[in-house]
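Listed features, source Swiss-Prot:
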BINDING   24, 25, 26, 27, 28, 29, 130  ATP binding site
BINDING   28  Mg(2+) binding site
BINDING   46, 70, 92, 149  substrate binding site
């Protein structure tokens, strides 16, 4: 760990980083190297939800509907929030539940804002079943979700705009933005 990263870790004081953004934005693939560089633990909230439910997210949606999934997601987020020094890859819709924001803001919220065209390409190439895109027009569904969630994601402490950067490059960008946020937490940062 470099001296700068060690200093950053000390200044974070154990506060967790919560990565938010649309499905396919790279929260998990960015979160792993970010956690490793900071010497933090890494948690994929969706994986914890699946473990808690004993089934996949599409199965949870099918069995309990979106409302049931969101309730479980909030419970899992509260459990994760009891720990410190984590990088947490959240689910794409975590920001839609007002009760989640108190916990998210106990740490530092980082929005991975993927350029819409790039996001569509990523999701088309990904074999993961996305319950909210199981419609006749997935592109229209994605655009509707983006329009609904953008103002919510914009409440993040840091925004990192992503086009074709690798997850490691995105993690490095977050590490470069964090010191200025810690100096002046009233200023949201965008890269």
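We count from 1, first residue shown onward.
Backbone N, Cα and C atoms are what each Cβ position is placed from, and that goes for glycine too.
Feature map: Swiss-Prot annotations on the structure.
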residue : record                 : contacts (Cβ under 8 Å, 6+ apart)
27      : ATP binding site       : 19, 20, 21, 89, 90, 112
28      : ATP binding site       : 44, 46, 89
29      : ATP binding site       : 167
70      : substrate binding site : 93, 96, 97
92      : substrate binding site : 20, 21, 22, 23, 25, 145, 149
For substrate, whose listed binding residues are 46, 70, 92, 149, the greatest C-alpha pairwise distance in Å: 18
DSSP state at residue 25 (ATP binding site), helix/strand/coil: coil
